[in-house]
Amino acid sequence: MAQVLSFRVLISAETHRTSSSSSSNLKSLKMPKRVSKKSTSAPRKGSLNPLHKTQKLNLEVSPHRAVSAVRLMRIEFGGAFADLLNEKGKGSGDNEMGYVERTIGFRTRDLDARDLRLVTDIVGGTIRWRRYLDHLISSLCRAENTIKSMEPLLLQILRVGSYEIVKLDMPPYAVVDENVRLAKVALRPGAGNMVNAILRKLILLKENDTLPLPKLEGDDRAQARALATLYSHPVWMVRRWTKYLGKEEAIRLMEWNNSDPSFSLRANTAKGISRADLVTKLNSLEVPHEPSLHLNDFVRIKTGLQSVIQSGLLKEGLCSVQDESAGLIVSVVDPQPGESIIDCCAAPGGKTLNMASRLSGQGMISAVDINKGRLRILKETAISHQVDDVINIIHADLRTFAENNTVKCDKVLLDAPCSGLGVLSKRADLRWNRKLEDMEELKNLQDELFDAASILVKPGGALVYSTCSIDPEENEERVAAFLLRHPEFSIDPVDRYVPPDFVTERGFYFSNPVKHSLDGAFAARLVRVT
């Protein structure tokens, strides 16, 4: 993971730093609550029993469906991340089939390249469309509450099959047969019969254009619930976006969140790699790409990321995965050779590395973070990027560090823990993990960190506050509240640092996912005048 800078290091590192509650490590799965009474009395196939060790090989079950169903269970119940891939593109690497065996009691054949692509598509799509799929499945069950008491593995198989039928261009009856076989072998014949009945009914309804979907009618609450189902988002997000953006813009945002994400690669200039060099390597890999319109060391790719990972470009530190919206935040900081800079919530380090590459070996970045494990990843990555000579790793709570630190710096970046509402296209699982009550806790934390970061700025120095959120309460409102508490700071408009299309009326940086086709992000640049 440290070697590749892949999806938790420098994809979701720059898919950005959301609050620590959404960044738990991969843990052994706990028994989920939604299991049948029988499965609690004795271990059975489909329960998450870590002691269930077999060496069975089943060549008849579809490998990509088995892996997808198990991976979905890990994401929902075990804290795994939807976008966590290793250099082989196999989710949990060599352990992938081990998870399958421990969960459903047998292995399938190994995944080939086509299987890997399907797993990625199905897992990401099923997570995005979970509320929508659950509505369809529930509508086709005889009892209204069947889905709430359904065995976790059975529910994941139904979700996978439903997604393949309604969202992917796959032969419908092959989808039914393969998912029925998986349910029968992994669970029991009765489970297969249930999958067969629901998926066949779903096929008929889709062919007749009569899917049981909610109508946009009634009061605002009723319409928000309908939109939440139709576009598969939590109701509270729909209501919040409708309030701030209006219904039509909220719908466009949800459509963006449900689209297949694109990714950007940053050429590591600190290692002598230019964008032209990176383009040459992408051409040799036959990875489609286009240059960034906003940053001269970035390249955007829609497909082929697994090929990039497998080629070793990330492992060798020749490039990193970073969204352009995050790169533009670094532009707002505008690091210059010889400067002293503090990155306050640095790990796992995407922006730290980007800033370090701009110092030309002169100056120092103090990378402060409370998470020791993620700092270790940053340290190892800095070595592979050949920027470790300008990065000083500091394991500390920013609030304590600021109180005890007497040195003031030229520039301070606070990339604050946030809701991550700007990165829901890449972080498919985040929408289901974030709660409305999180917002107040995050705002309090952001204020505390903002105050702490301000202590570290020398007179005439710059403080940049940034998030990967599109929510004004985490962005403009936090800056306004800070300026009331700290009259010694004033706004430094960002129009000198980023293209004008990203500059708000108040002089802040804002990346709009719908408008700019990038992750949502925000940054305010403040100068300490006294």
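In case you wondered, yes, glycine gets a Cβ from its N, Cα and C as well.
On a predicted model such as this, the values are computed, not experimentally measured, just so you know.
The region 'Disordered' annotation in TrEMBL covers 18-53.
On the 0 to 100 pLDDT scale, the model's mean across the domain 'SAM-dependent MTase RsmB/NOP-type' (253-529) is 97. According to TrEMBL, the domain 'SAM-dependent MTase RsmB/NOP-type' annotation covers 253-529.
Taken from TrEMBL, the feature S-adenosyl-L-methionine binding site applies to Cys345, Ala346, Ala347, Pro348, Gly349, Gly350, Lys351, Asp369, Asp397, Asp415.
Here TrEMBL flags Cys468 as active site, nucleophile.
Each of the recorded positions Cys345, Ala347, Cys468 was assessed for Cβ neighbours inside 10 Å, and the highest tally belongs to Cys468. A gap of 13 Å separates the Cα atoms of Cys345 (S-adenosyl-L-methionine binding site) and Cys468 (active site, nucleophile). Here the CA atom of Ala347 (S-adenosyl-L-methionine binding site) lies 15 Å from the CA atom of Cys468 (active site, nucleophile). Residues Cys345, Ala346, Ala347, Pro348, Gly349, Gly350, Lys351, Asp369, Asp397, Asp415 are listed as the S-adenosyl-L-methionine binders, and the farthest two of them sit 19 Å apart at their Cα atoms. Within 10 Å of the Cβ of Asp397 (S-adenosyl-L-methionine binding site) there are 13 other Cβ atoms, across all protein chains. Of all the binding-site residues listed here (Gly349, Lys351), the one with the fewest other CB atoms within 10 A of its own CB is Lys351.
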